[in-house]
Ligand code: PRX
């Protein structure tokens, strides 16, 4: 169910304005608002010319395109750089061997144990990628075959991705925090031929077995012929004869060569599939293709992070999410940058883990999520003061709105009151950043993602598709394609159309609400659909509900996001038990565990309220608006409740919520 724009209001009325320093401006890729405005104007008047120039500046093509763009949002069909040929791994590796970067660090890996550090130069990474590409070929993987990857944050993950890209096999990465059953459904959906996994994940000082999840998933995945296993922790695991093979043994094979010719791909050939949550139960396989995605990844990394050759750039995301795909791997490596990759968590062994790493590697550009900032804010400034953060020059934020308090803390304590913060709004579907400041051009307002990047025709519309007025909340849409946008939903063209192009004909619907202020700045207000954002992780309430109702005790479940000071939102489930069953804390624990098993720990509800009835309309639809208001403690005005079948359930729900959470 979606809120309409009259219900959308922004709480943020931020007046502070921060301007970039003159000195940094002179050296930046985009130097001023004047330059930004000129690029923006050009990109709207001549989008094909603008993107053709960027694609030529940033990417090496084996064959130039015939036509820059063909699109129809009604069909929907989007094609960029038609007829163009290239290889992504060539662009991320080979070309840097000839342009003076051969011995430059491409990847710096900091493992969870302090002493676990590996540095790969471009030459070394090239060799590893070629070798693994040859391994994949030997296992029978051919151009177009899908490869699922279920790995922790270890170097084998980007190596596997780039090896897939090298031979033209689309990868589908599944975040290692997902359960066996989530992995299973993703492998089944894309019909992967090979799975790459590891024995375990190291996290917060613990060894969390991973291979048993893969074993469980593979019981029902007949398309998977081989499973490659990386030894990360050395824990005891089961290796299935004939199916499971050790990464290190495959790579040590003398017949495996150090070079592998890159497969020449069409610009519109699929590069990867990445599953993300939507408003229905089943995650969607978002498709990204080769030429447009890579151009967009390189373009946004260069302009938004102002990435330069001697920078150490660190994006703290997990590669299992889109942020890691675009801003740890493809964007920085396409530009020949040095990308730092980190295994672990921000608070272990101590809350200065991130700042210690910044100091250790002299990080220049640092990109993280608001939930991390809020969590570290709570730990106090003594942790930030212990370290020399003076190498930093740009800070970034992604995943959810950054509240002005967290923004100011980040600015003052990490940026020492001087550094620009780029609050970047985008989605799995957009492939790269759409709305964000350019660090040395755009004056900043804490809490606003500021302005659309050149080439991005973002707008706010009302539910009838007409433009919203200044400061009026509405639906955030994009009115024309950009090269990094998704090209489809794997195996489900109907869903692609329905989800993104049906409500507002001729526009891409993001699913987010936003308003635009008098300066044209965007203030993102969060999802308008049944998607919630827990610590920057995107989850569909319908997915969690269907996990809950798959438990034998549950008759019905409704899940909403409850505002949370650190996580942004936390998961709150209303559960109706089957007749005659006792409510108990044990059952709550069992249900939480059940959801962990079905989806993964990130989807486990923090609160489970047992409810005798849910607020339903006479036609049987649950009015989630009411449930959301209850968990937010906004019980004064529920709006129009005249269609409710039994309004009396509301009082019981409020009472139950107070008992559970102590909401006043
Ligand atoms: O609601 C928006 C929120 O995250 C959603 C996209 O989630 P996902 O596909 O997992 O990608 C996350 C990383 C790009 C969006 O629909 N979101 C992301 N960035 C921001 C944001 N909300 C506000 N401000 C942001 N900077």
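Glycine too: its Cβ is placed from the backbone N, Cα and C atoms.
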Recorded ATP site member, picked from 378, 495, 527, that accompanies 399, 400, 401, 423, 424, 425, 426, 427, 428, 512, 538 in TrEMBL:
527
Within 10 angstroms of residue 428 (ATP binding site), Cα basis - recorded positions out of 323, 535, 549, 554, 596, 621:
323
Write out how many residues of the domain 'Acetyl-coenzyme A synthetase N-terminal' (36-92) are helix, how many strand and how many coil, based on DSSP.
27 helix, 15 strand, 15 coil
Identify, among the binding-site residues 399, 401, the residue whose Cβ has the fewest other Cβ atoms within 10 Å in this structure.
399
Need this for a regression test: recorded positions 401, 424, 426, 551, 621, filtered to those with Cα within 10 Å of residue 535 (CoA binding site). What's left?
none
Return the residues near residue 554 (Mg(2+) binding site), defined as same-chain residues 6+ apart in sequence whose C-beta is under 8 angstroms from its C-beta, sorted by sequence, else 'none'.
548, 575, 576, 577, 578, 591
Go through the binding-site residues 401, 426, 554 and pull out the ones with a Cβ less than 6 angstroms from some atom of ligand 1.
401, 426
About how far apart, in whole Å, are the alpha carbons (Cα) of residue 549 (Mg(2+) binding site) and residue 401 (ATP binding site)?
31
Integer Cα-Cα distance in angstrom, residue 426 (ATP binding site) to residue 323 (CoA binding site):
9
